[in-house]
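Working notes, beginning with the structure itself.
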Amino acid sequence: MRRLKQKRTYEVALSCFGHVAGVDEAGRGACAGPITIAACILPPKIIPELDRLADSKKLSAKVREELAAVIKKVALAWSVIHISAEEIDRDGIQWANVCGMRRAVANLQIQPGYVVTDALKVPGLSVPHLPIIGGDDAARCISAASVLAKTARDQVMRELDEQHPGYGFGNHKGYGTRVHMDAVRRHGASPQHRYTYANVTAAHQEWLSRGC
C-alpha cells in the first residue's frame, strides 16, 4: 500500500491541472512489427489490485495480462495506438514515438489537464507534459500505460506470427534475437520488418546474395 502511495506522488502533485494521463510505449527497440503507445488516466483513489504495477518489462506475461484487465476496468480513460513498421521506415522511430503519443492522448475519452511520460519530450501536445526519468516505475499512470502498450503489442505480434510463419514473431515479439535474424537470413524480410534498421538490412542482404 505504501508503494502505491509513492507511485501516486506525481498524479497528486499535478492534480490541480485536472486529470493526469500517463503515456508509454512498447516496441521501440524491436526491428519488426509496430511501435505501440498507450495513454491512461487512473482514478485518484488507491486501487489495491494495482499494487503490482511496475515497468511492464519487469513483469511476467501472466501478471501483465492480469493487470491489463484490471486497468481497463478501473481506468477513467485509456487508449492504445499502433504505428506500423512501414510508417517507422518512412518517418523514423522518433517521429513514430512522438506522433503515437500525441495520438494516444488525443484518443482518450477524457482529455487530461497534464501528461506524464517516461523521460520523453512530446512536442505538439495540446496540454502541458512532464518527462520523468524512470517514469514507468515512478508513476502508476505511466506504469499502467506501459502494461497496456506491452500487452496490446504482444497480441499484435502473436497475430503477425500466424500471418507470417517462420519468423517466430510470437516468441521474440519482433526484437532482434539471433533466432529472429537467422530466420530473416533464411526467408528474407517480411512486410512487417523495419527495413531501415541495420540488422534487418544486413540479414535481408544475405538472403538476397544467395539469389533467393
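Backbone N, Cα and C atoms are what each Cβ position is placed from, and that goes for glycine too.
Annotated in TrEMBL:
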DOMAIN    18-209  domain 'RNase H type-2'
BINDING   D24, E25, D118  divalent metal cation binding site
For the recorded divalent metal cation site, whose residues are D24, E25, D118, find every other residue on that chain with a C-beta no more than 8 angstroms from the centre of their C-beta atoms, and list them by sequence position.
V23, A26, I37, A38, M101, T117, L120, G135, D136, I142, A145, S146, A149
Of all the binding-site residues given, D24, E25, which residue's CB has the most CB neighbours within 10 A?
D24
Give the number of CB atoms, excluding that of D118 (divalent metal cation binding site) itself, located within 10 Å of its CB.
22
Taking all residues of the domain 'RNase H type-2' (18-209) together, what is their mean pLDDT?
96
